[in-house]
Amino acid sequence: MLIIGGMAAVDTIYGLGAFLFGIYRLAVIADGSYSAKATQWDCLSGSPFFIMNIGMQLSALMNTFISVDRFIAVAFAVRYRALHFYYVIKAFILIGVYGMISCLAMFASSYLSPPIGILNRLCSGPPFPAWYNIFQLSFTAGIGLLSVLIYIGVYVAHGKMLKAAVHERLNDQQAKRQRRLTVTIGVITVSTCVLFVAPSATIVVCYFAGVPAPFGSALGIMSRTSPIVHFGIYIARQRDIRHAMYRLMTCKHNGSTAPIQTTTSRP
C-alpha cells in the first residue's frame, strides 16, 4: 500500500492546489480587486497556481510509475518479490526531485520572461511563457497515455498470473489482495485517461493546430476533478486506506513501526 499512499499524496497536492486557487479567486472577487493589473510573476508567486500545476505533473508521473510497478509485479512476480520496498522510496525521491526542478523552471521562466499579455489578479491565463505551458501539457498528456498503454500490458499479464495461481494453488487471500489492488489501480488509470489525459491532449493538439480549444474552461475543470474521483476510488475499494485514514483522523496508532508494502502473490 506504500505505492497507493504515494499516489494519494500527489493527488492531494494537485487537489489542494486547485482548491486553494479557487479560494484565492473568490477572495479577489470578494474584495473587488480582481480587475487590478498583475504581472505573470504576481500571479505565480502570489497565488497557489504553482501548487496546482506541479501537482498535475507529479500526478501524471506517479501514475506511470505505478503502472510500471504493477506490470513488474504481475509479469515478473519472482523478481518483484526480491525487490526491497526501498526501491519505491527511491522512486518517490526521483519524482520529488523532478517536481523541484520543474518548479524552479516554472518560477525562473516566469520571472525572466518579458510580460505576457495583460493579466489581472484573477490570473485567468498561465503565468509563464508558452513554451513551459506546452511542455507541461504535453508531458502530462504523453506520460499519462504511456501509463494507460502499460496498464493494458498489466491486465494481459494479470490474466496469465491468475491462471498460474489456479494451477499452482497459490494462497487465495494473497491472490485476492493482489487482484483487488491491480483492479483498483486500473480503475484509477482509466479515470485518469478520461478526466486528465484527454483534456490536456485536447488543449495541446488545438494549440499546435492554431485553433482555440473548445470549452477550454470546462476542460480545465474536468482535469481538476480527477483527484476527487481518485480519492473516492481509494475509499471505496481499498480497506487498508480507509482504516489508515480513520486512524489518522482519530489520532490512533496501531503500535506497529513496520512500513506498509505492496503485496504480491506467493506460492
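Using N, Cα and C of the backbone, Cβ positions are placed for all residues, glycine too.
Automatic, uncurated: that is what TrEMBL annotation is.
Under the heading domain 'G-protein coupled receptors family 1 profile', TrEMBL lists 1-234. Restricting the average to the domain 'G-protein coupled receptors family 1 profile' (1-234) gives a pLDDT of 81.
The annotation transmembrane segment is assigned in TrEMBL to 12-30 (among others).
Look at TrEMBL and you will find 50-73 (among others) tagged as transmembrane segment.
Proximity of distant same-chain residues to the transmembrane segment (85-111), defined by a Cβ-Cβ separation under 8 Å and at least 6 residues beyond the stretch ends, is recorded for 2-3, 6, 10, 40-41, 44-45, 50, 53-54, 57-58, 61-62, 65, 69, 127-129, 131-132, 136, 259, 261-262. The transmembrane segment annotation in TrEMBL covers 85-111 (among others).
According to TrEMBL, the transmembrane segment annotation covers 131-157 (among others). Residues 53, 56-57, 59-61, 63-64, 66-68, 70-71, 74-75, 102, 105-106, 109, 182, 185-186, 189-190, 192-193, 196-197, 200-201, 203-204, 207 of the same chain sit 6 or more residues outside the transmembrane segment (131-157) yet have a Cβ under 8 Å from a Cβ within it.
TrEMBL lists 183-210 (among others) with the feature transmembrane segment.
What TrEMBL lists as transmembrane segment is 216-236 (among others). Beyond its flanks by at least six residues, the transmembrane segment (216-236) meets 4, 7-8, 11-12, 14-15, 18, 52, 55-56, 59, 184, 187-188, 191-192, 195-196, 199-200, 202-203, 242, 245 of its own chain at Cβ-Cβ distances under 8 Å.
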